[in-house]
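The block underneath contains the structure these notes are about, expressed in structure tokens.
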Amino acid sequence: MVLFFRSSPIHPPVIYSHNGLVLGLALNMEYMLSLNFTNSSPDSYNEEEYDNGIERWRQTLVITCFSITFLLGTVGNGLVIWIAGFRMKKTVNSFWFLNLSIADFSFCLFLPLHILDWAMDGHWPLGQVICKVMFTSLFLNMSVSIFFLMAISVDRCTSVLCPVWSKNHRSVKLARNISVIIWLSCLALSSPYVAFYDVEHYADNNITYCTVTYAAWDNTTFFDYQTWFLRHKAMYITRFISMFLIPFSVILVCYGLIAFWIRRSSKHLGSSRTFKIIVTVVLCFFSCWFLYHLWPLLELMEVDMNWPFDIIMYDLGHCLAYFNCCLNPMIYVFAGREFKRSLRKSIPFLLESTFRERGEPLETQDDTVGTELMTYHA
């Protein structure tokens, strides 16, 4: 008896039997039979019989987290799209955040389907096409969001460290070209999901799953585990490098250089608002994405993760990563330069003040850097 079957745009689903035994990772029935598992608990899962009440608790917690993310993300990012796309003059800043919010907003729009997957215990009633579209779109918009965060950090760094070059070359046209490259690159990264995600029906419990089926892509009835594992490993490594290692390194270096520049310009870096923004940027990105990518790495390294630690890490990693998409408008408002002295003014005004370009009147040089940094979140 299968109690739950979870999938995600990054991690393949994990199948648990009634006694907590991990049966497999998004495998088809041929492979699951070839493993010759029994109902006896292995050494790594020698705890008491799997408690269905815990699964219901997990289900409620994850659905609640995803629902909050959906509500905050659609409202917040929708507001940013309205301000940056229709209320403001087209600038480099507004263009970055328009694309970033479009990606986050699109991600949130597909969350109800993911919530449905959890609410129905993994059963997928919507067919093959929507299965492929949902997970491909989730991964596409997730990767686009991360790439734009990286692009914004590079833009902030060049604006602060190379103001002359930035003034001569920084333009909406350049930002538009970079945006096209980002969308096309992320589309290429997400294209394997079109091939690898599929629906599988299990007659024993009459449930249809939307899951990663690397072997089904070959259109064969024989399951080649070696091929499956190589593709599985290649996907994980590619995603870790492209969606965490490179972006986090770029963000860390860019804001590290900005902090160093500010330190040379000011003797009060530790107490400055700009430094706090830098720390927030780096910590937020790391906090939202590290655990999300740590889980598959530990799996590939065959690290023994005892139940229920593994599922706690899995669920928490997903909740934090998904919540990342609704942090943009929240940080725009609460980190905005005008927020504390403009509580009576509208949220659109606060967002618009946050997106101000460098050339507009500012109070101090340090505040200029801080204002530019505020337009980025991790």
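Think of each number as a place in line: the chain as shown, counted from 1.
Yeah, the Cβs are placed from backbone N, Cα and C, and that goes for glycine too.
Pulled from TrEMBL:
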- 61-84: transmembrane segment (TRANSMEM)
- 76-332: domain 'G-protein coupled receptors family 1 profile' (DOMAIN)
- 96-115: transmembrane segment (TRANSMEM)
- 135-154: transmembrane segment (TRANSMEM)
- 174-196: transmembrane segment (TRANSMEM)
- 240-262: transmembrane segment (TRANSMEM)
- 274-292: transmembrane segment (TRANSMEM)
- 312-335: transmembrane segment (TRANSMEM)
Can at least 3 Cβ pairs under 8 A be found between the transmembrane segment (240-262) and the transmembrane segment (96-115), with each pair 6 or more apart in sequence? no
Taking the transmembrane segment (135-154) as reference, the highest number of CB pairs under 8 angstroms among 61-84, 96-115, 274-292 goes to 96-115
When pLDDT is averaged across the domain 'G-protein coupled receptors family 1 profile' (76-332), the result is 85
